[in-house]
């Protein structure tokens, strides 16, 4: 075996003349391959093609900020003491010296005041966490709105959903660790949420806190979840996520030479490796600048956790905002039946609703695939406008997210804008159901209008801004044809297919209801979409345009005003700016 | 389910043919050796600047003081600021440099690679299915349901040790345990209501109308009223708690004392109050935040976490927000010297709801 590899290495001439570096490199590769046999698995990797587009960078931000979290997190573990044992603070921060507090809080203060660079790393860690979750969410929206979740990528879509959930859990566990007044209040709310769980709530609360809240166990337990269990899961799922991206090859935008059968872009070695590697340093560097310039979670201002105290305007980290909003606007429903307490007012907004929101997003690809009955693989991305229902659905979900986020800060909205807080809450109770519906219809019609605009451009060319006056005195705007590449880009998409409702008797009663529902959904999703023009329509439009061009002949270059209306001789005229 | 391809119309021909991958346009650095050398110098300059920043990090680390008297620069902590700037630019310049290198100097020919269906080749799939069937057949798992079912049972029963072993994560939430914990606070008959910071006793006649005092039962505050005798101090210390037990007790026992016009409060409230002074649990019945915001004019108390609002003139009734239950009132009286004391513990559990709360 070794001989074969050696021979083939020796007999295959290198495509590029071997420089000194390449010769040295090949010796290393040979040594490693003799032992690990990597060449077979790597032969397609070195020059693997990645398509280029700025939106493909969003997931990369999430990946790199996770690496930053690992690096800065390891640094913090060297000083942080995950214990609720009481100590008297004797560190450098004057205002708390002599105060009894947990070791966790005291060591977090030490990291901030007595370890050089500690505050920087703590702030970088917190900022990176915010960037991590934000990047994951924006990346998810990009994947959703371009239809990148379609076959064969459904599994990766689900992995991504679990990663977002784990990211939020990891973030919550992390900012609960310093055991300051704000994070303790957050944990106490978490305890209230857990207790509202039917049947097992009290058991779960007692098990989690080793008895009553706050107890002495929660910080060490959260710590091990935060530094080992959850990051381990995230790391494993990130690895799976990346492997699937490599296996499926990245999606690409429609364009000249880009098809469902190929992937066009730059090779991993050297361009993509350089861009992605360089981007890691940019994410890391920006995080460091944020840690140096922007204060975040100044725990020393909150003081140690005291269960009898709270600060007004308490806010969780931003990604908990929707749960906070849900909790705030939920009506006070509680059922008492057969000696049991059903806290709908806490259980529904705290545990059920966030899961439903995420679950609906996760299930959409399967709903869409069922309605279209489409079994083909898709590697060319949809422009958002070309999937109006999908895009409008995301817009509606974003509006729910935004409203809940605002509801989570209803007290701050009230104080900052001098509004009545109770009316904000009442408004939100209605708005979270009404606004998404409005947003859906507006976004859908907007997409369809944009589709019409694309059709116009393909059929009649782009608007030049030149107003023409005909001999009869009528005014019209001059259109010029778009480039062949642009026209191809706009038309390189599949036509939507509306599923017809089954004719009576065609299907047996059993499947008829599902088929009817499917036909209805298909009509709802696709019937109003504007399809790209057919070859015949295009030909007719061009014929029409040629006729017009004859009338408007004489304009062979760019024009900037009415004197270039095609009816005057413009030889020798300069373009004016 | 019908196959939609059966009744779909014939797909019209594609309107525009694929023009193919556009020809490569050379960049200035591809054709002008001067431009290429300039780009090379730019990239190298960034890498050098990055090195300087890394050294600057070390300089900042040893130059600027932190601890009690830290140096400041433009109002920022100088150490944190310069460590962040130097580390940030040391990293950023590597990143920007490498990307500049890739954009200006590395080959930028777009290349195309063929995709393959995600599925394996049909022959591979058949082989796997056949091997799987053969393996299952040889195991006899289908022919010997007894073995299969008992194995599944045994694996299922492994959940028992897994779950049982977790039981000592915390105490069981049995009704008797809940009675001893969630349904009991530090309050009992005769315990003085004291200021939660100073530990001072609260004299009924000292309270003004509209005043609110955050309070705790005597024994949970780490300070004595100056009027306490040595004997009293000893008594209090013998009852007081520390560490986790203290935190747990404070979680349930924190109260607020308010004085309202006696004519404004409902008779049910007055029955447990003293001359308009009522004591309520400070723990929100929604999810357990301490309630802090007092609206003197309306007698409303607002939770800063989720804005549940309670009417303290009327048994702590919920007037707004997500909380479902009234704020529990603590029955009080005054002792011989006129100080507020509890008549008993709370008569209902304080804090958020839980499943077993209505168990009798």
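Quick reminder: no glycine exception, Cβ is built from N, Cα and C everywhere.
Caution: TrEMBL annotation is automatic and unverified by curators.
In TrEMBL, the transmembrane segment annotation falls on A:278-300 of the listed ranges A:278-300, A:301-323, A:324-346, A:462-484. Within the listed segments A:31-51, A:94-114, A:157-177, TrEMBL records transmembrane segment for the stretch A:157-177.
Contacts between the transmembrane segment (A:278-300) and the transmembrane segment (A:391-408): absent, as fewer than 3 C-beta pairs lie under 8 angstroms at sequence separation of six or more.
Same-chain residues lying 6 or more positions outside the transmembrane segment (A:391-408) and placing a CB less than 8 Å from one of its CB atoms are 141, 144-145, 315-316, 318, 320-326, 328-329, 357, 360-361, 364, 384-385, 424-425, 428, 431-432, 435-437, 439-444, 447. Per-residue pLDDT, averaged across the domain 'Cytochrome b/b6 N-terminal region profile' (A:28-254), gives 95. Residues 140, 144, 149-151, 154, 157-158, 161, 164-165, 322-323, 326, 390, 393, 397, 400-401, 499, 518, 521-522, 525 of the same chain lie 6 or more positions beyond the ends of the transmembrane segment (A:352-371) yet place their CB under 8 Å from a CB of it.
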